[in-house]
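Here the structure comes first, spelled out in structure tokens, and everything after it is commentary.
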Amino acid sequence: MDLYEYQARELLEEHGIPTPKAIFAQNSHEVDQAAEQLGFPCVLKAQVKIGHRGQAGGVKVVKDRDDAILTSEEIFPMTIHGHKVSGLLVAEAKNIIHEYYVSISVDRSSRDFDVLATANGGTEVEVIAKEHPESVKRLHIGALEDFDLEAATTMARNIGFYHADVDQAAQILLNMWQCFKDNDATLVEINPLAKIGDPDDESSKSLCALDAKISLDDNAAFRHDGWQRFADPVHSDPFEAQARQHGLHYVHLTGEVGVIGNGAGLVMSSLDAVSDAGKDQGNDIAPANFLDIGGGASVDVMRHSLSIVMSDPQVESVFVNVYGGITSCEQVANGILAALDELGESKPIIVRFDGNASQEGLRILNDSRRSSCMYATPWKKQHRKRYVSLQPRRRHVDDTVY
Amino acid sequence: MTLFIEDGAPVIVQGMTGHQGMTHTARMLAAGTNIVGGVNPRKSGTTVDFDGKQIPVYADCTEAKEHTGAKASVVFVPPRFAKGAIVEAIEAGIGLIVVITEGIPVADTAYVVELAMREGVRIVGPNCPGLMTLSANSDAKGVNLGIIPDGIVSRGPLGLVSKSGTLTYQLMGELADIGFTACLGAGGDPIVGTTLTEALEAFEQDESTKAVVMIGEIGGQCRARGCAMAHEHMTKPVVAYIAGFTAPEGKQMGHAGAIVSAGKGTAQDKKEALEAAGIPVGRTPGQAAALMRKVLDTLPQL
């Protein structure tokens, strides 16, 4: 789960990492009050879980009250790279002397934790890595390792923090690691970690986390009270919320064909098949969702799954692709019929069964004489074309391979 | 020895007495796996009847190993207890630990994987369908550790390694007439005990494996490159399939590891990296199977 900036900075503060004073606001009245409290100039930052918001006009410095209200009214209704703005963070403006970049993340290839840092921060680390690869340092923290202040100090020197900043940087690195571990994060990124203050007054200078990105490990939600403090009811997709209630892996997409299958890999593969067929047919039909019913799905799991997908007005037809390993196609077939009984038959369903109890499953669907269902097995090219055709057809069972 | 385990090796099941554990222990036994015990401290000293066969339950892995000489453990323990269970198996000196459990926090996995590497123990998974070997001896059964359905395939010259469960079965089904030496589900989490690259290396070492099917998916950025590099040191052909060409950025597609982030880890990138290294990549599972048949035609003889 990705956090909003205002949530991420809360976690940093809890771990003693300096951040600018800031207040989260959800309407222009709250922005007005917050700006009043923080003083001018201050920064209005759109809260969206996507990068490049600055370039999209989502971050603005405002100089007075009118400016704050007018600017906030421009930003609130914005959709940035497909993400609706969920609120504004009003933050005090800081005088930036220098910018560093530091992140800690899970490293899949070395199978430990990766500290990525550069003394040339400010822009995106990918850009810096391309332009000045030598300035980007990559260091590792082992899962069994004890990362302490001494190790953090060595790391701060290796990263290339200026001599005067090393001690504070080491403390921040150590606190970031603690924040990462305590919260079961998969990413804690501070960009920029800025040196702020009056350029002419050495004693005023210090490091401060001006922006942060944190992702949490969904698998660890059980030991963090389900991450309830970060729940986002207003902005979550209703279908995704409904699927979550039933413990289903669901992702809402933009197309017309509902896709349900067993196993994340097979469902991804089915999305590819639907998109490819859409391209082949020249009608650009695309998947409306990803829905994995998991292993060993029961009648009820399939019933809930089909109900959720069919209730999406975007969905015009449904493709069910099940390769029965632990999952029994018979259970899936009964689940499909149970859902159709509840919903009535409004949209065509194309079913592909293979593996465990696939013949029984097909027979159940066949005997039910549902006019909207079409069944195909196995998964061959000539069938895949039909999977995305939208006209309800006469029942069709191809069981020649069995 | 096909892949990481010998035919007939004694195996214990951690979490055997749970629902998943019971179902799959019965299936593994039916497939001919030599299951010699289960572990559950609360049911220690009891036995469980599997179709007439009594399987004893031990208090912990150390006790189980002392009594049975177990060489491998299959873990069905729920996520919140999985780390403790795996540490216990490592400390008991069990050489191969196959973790089926889905939903283990990545910090826990990082911990047990590093501990296992330090102790010279091999972990397969987590969040994987397991490891299945097919015996070279037609009288003997192979070893089925996990949830891969028995009976899809028989012994043949192919190796298979996969990030996904169902796609493993799909490709096994597509190439069932050719047959396999072993099928290994590497697991869909960001950190796994046995990577695709390590599995490729193991298949390279195995004499009876003549070619390898590799099934990947979106997420991460280094794996495909790692595999491409590994392939340079391989004498055996590899054919790949990757799922998720149409996956949108920033959305986790079911598996904890399957996410395209900041434009990295796309299926297209992986396809290009693999093809640049001479590994053909199918656009669909069926196409990957067809590519493998073509490759096999070019091999001198099997």
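Cβ atoms are placed via backbone N, Cα and C, with glycine included.
Annotated domain 'CoA-binding' per TrEMBL: B:4-104, in sequence order. What TrEMBL records for B:T17, B:G18, B:H19, B:Q20, B:K43, B:I100, B:T101, B:E102 is CoA binding site. According to TrEMBL, the feature substrate binding site maps to B:Y169. The feature active site, tele-phosphohistidine intermediate is assigned by TrEMBL to B:H255.
In three-state terms derived from DSSP, B:Y169 (substrate binding site) belongs to a helical segment. Of B:T17, B:K43, B:I100, B:T101, listed as binding-site residues, none is near chain A by the criterion of a Cβ under 8 Å from one of its Cβ atoms.
Secondary structure counts, DSSP: the domain 'CoA-binding' (B:4-104) has 36 helix, 27 strand, 38 coil. Of all Cβ atoms in the protein chains displayed, 23 besides its own lie within 10 Å of the Cβ of B:E102 (CoA binding site). There are 29 other Cβ atoms within 10 Å of the Cβ belonging to B:I100 (CoA binding site).
Here the Cα atom of B:Q20 (CoA binding site) is found 19 Å from that of B:H255 (active site, tele-phosphohistidine intermediate).
By neighbour count, meaning other C-beta atoms within 10 Å, the densest spot among the binding-site residues B:T17, B:Q20, B:T101 is B:T101. When the alpha carbons of B:Y169 (substrate binding site) and B:H19 (CoA binding site) are compared, the span between them is 22 angstrom. Distance from the CA of the residue listed as 'active site, tele-phosphohistidine intermediate' to the CA of B:T17 (CoA binding site) is 26 Å. For the domain 'CoA-binding' (B:4-104), the model's pLDDT averages out at 96. The recorded positions considered are B:H19, B:K43, B:H255; of these, B:H19 has the fewest other C-beta atoms within 10 angstroms of its C-beta.
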